[in-house]
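Report on the structure given below.
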Amino acid sequence: MAREKFERNKPHVNIGTIGHVDHGKTTLTAAITSVLAKKGQAKVQDYAEIDGAPEERERGITINTAHVEYETDGRHYAHVDCPGHADYVKNMITGAAQMDGAILVCAATDGPMAQTKEHILLAKQVGVPALVVALNKCDMVDDEEIIELVEMEIRELLSSYDFPGDDIPIVQVSGLKAIEGEAEWEAKIDELMEAVDASIPEPEREIEKPFLMAVEDVFSITGRGTVATGRIERGKVKKGEEIEIVGIRDSRKTTVTGVEMFRKDLDEGLAGDNCGLLLRGIEKEDIERGMVLVKPGSITPHTKFEGQVYVLKKEEGGRHTPFFAGYRPQFYIRTTDVTGQITAFTAEDGSNVEMVMPGDNIKMTGELICPVAIEQGMRFAIREGGRTIGAGVVSKIIE
């Protein structure tokens, strides 16, 4: 049978459920599909289907993730849900499932727990822009006062991690009762989705951002000049435009004298295109893999940053032994390995850590030996002798 065509008539937003184990993330995800399916906006997926998510590999790291899609009146959503806590950590850090916003699921019976906090911190560190709270299992709490207290606690917690705790919508739901078809709880799922529609902003499309292309390869074409090839990460570029070459050495400006794709000339290259840019007055030696071509002034190179890092377990092909501050691995940034040093670590509770074990999720400070174009929210890998031993995301630029 012919495959269904993906209709692009509604804006597309990526979201996911986050929160403590057993607070009902997967049940809520199933409830959203069952309620929306009644309006023809989703395909029903039950708990077992979502929970039995297949393993995926992202940069050599095994992650279990369920992908569910549905739509509301105004939007099309791709929703990710992970069975295990470690899967969330890996997912959010590697950006395997990029989230434009998240539904934080918290059980009214328990209130915020350890992983509730950890997921809020992760969301902050990896740059999830907006959250909506689903206060789940509200059918099991008769006392309105308890619910109010839990809501206050969640708001305080969100504010302590620099989310707008007072303004984030908290919707009282019961995933289980909604799946069982109880009308009042089905209506609550609709209310939750209205809150998601209203509070999670539509992501800026890649093509509207300033131009950036990481250089993968460089050729010189006799009589025409030097061509840098790569995939345009964002924005667009036209023949005749001025661009800047940033990273590794001093930044310099040049003009694009041609855009080529599959050996044909293009008027302009767009985000997602693999293409070659012909650069005026640039020798092959002036440019190398790891540099980026950008809209002038839109990005500056840096050497020092903070990152949230997941260190691979030995079963995932990571190290077998711990490492300490002063450790010098390679940081694989966009298209190249750059040597650097990890100067300090901090645990989730903010305490200093002397030693990092395989399987840990930590905040670290890294320093590179040469400046490269790094920016907040950017993903990187930590490698040693060509194998990946960690995955990270830049949470803050220091210098």
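From the backbone N, Cα and C atoms, a Cβ is placed for every residue, glycine too.
For the recorded site, Gly19 (GTP binding site), the DSSP three-state label reads strand. Taken from Swiss-Prot, the feature GTP binding site applies to 19-26, 81-85, 136-139.
The annotation Mg(2+) binding site is assigned in Swiss-Prot to Thr26 on the grounds of sequence analysis. According to DSSP, Thr26 (Mg(2+) binding site) sits within a helical segment. Taking a C-beta cut-off of under 8 Å and a sequence gap of six or more, Thr26 (Mg(2+) binding site) has these contacts in its own chain: Thr17, Tyr47, Ile50, Asp51, Ala66, Asp81, Pro83.
As annotated by Swiss-Prot, domain 'tr-type G' applies to 10-204.
Annotation source Swiss-Prot lists region 'G1' at 19-26, citing similarity to another entry. Across the residues of the region 'G1' (19-26), the predicted structure has a mean pLDDT of 95.
Same-chain neighbours of the region 'G2' (60-64): 53-54, 82-84, 87, 90-91, 94, 96, 310, 312, 316-317, 387-388, 391, counting only residues six or more beyond its ends whose CB sits under 8 Å from a CB of the stretch. Marked as region 'G2' by Swiss-Prot on the basis of similarity to another entry: 60-64.
If one looks beyond the region 'G3' (81-84) by at least 6 residues along the same chain, the residues whose Cβ comes under 8 Å of a Cβ in the stretch are 16-17, 21, 25-26, 29, 50-51, 53, 63-66, 68, 91. The region 'G3' annotation in Swiss-Prot covers 81-84 and rests on similarity to another entry.
When Cβ-Cβ distances below 8 Å are used as the criterion, the region 'G4' (136-139) is approached by residues 23-24, 27-28, 105-109, 147, 172-177, 185, 188 of the same chain, each at least six residues removed from its ends. What Swiss-Prot records for 136-139 is region 'G4', and it gives similarity to another entry as the kind of evidence.
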Tally every other Cβ atom lying within 10 Å of the Cβ atom of Cys138 (GTP binding site).
21
Collapsed DSSP category at Cys138 (GTP binding site):
helix
Among the binding-site residues Lys25, His85, whose Cβ has the fewest other Cβ atoms within 10 Å?
His85
Inside 10 Å of the Cβ of Asp22 (GTP binding site), count up the other Cβ atoms and send me the figure.
13
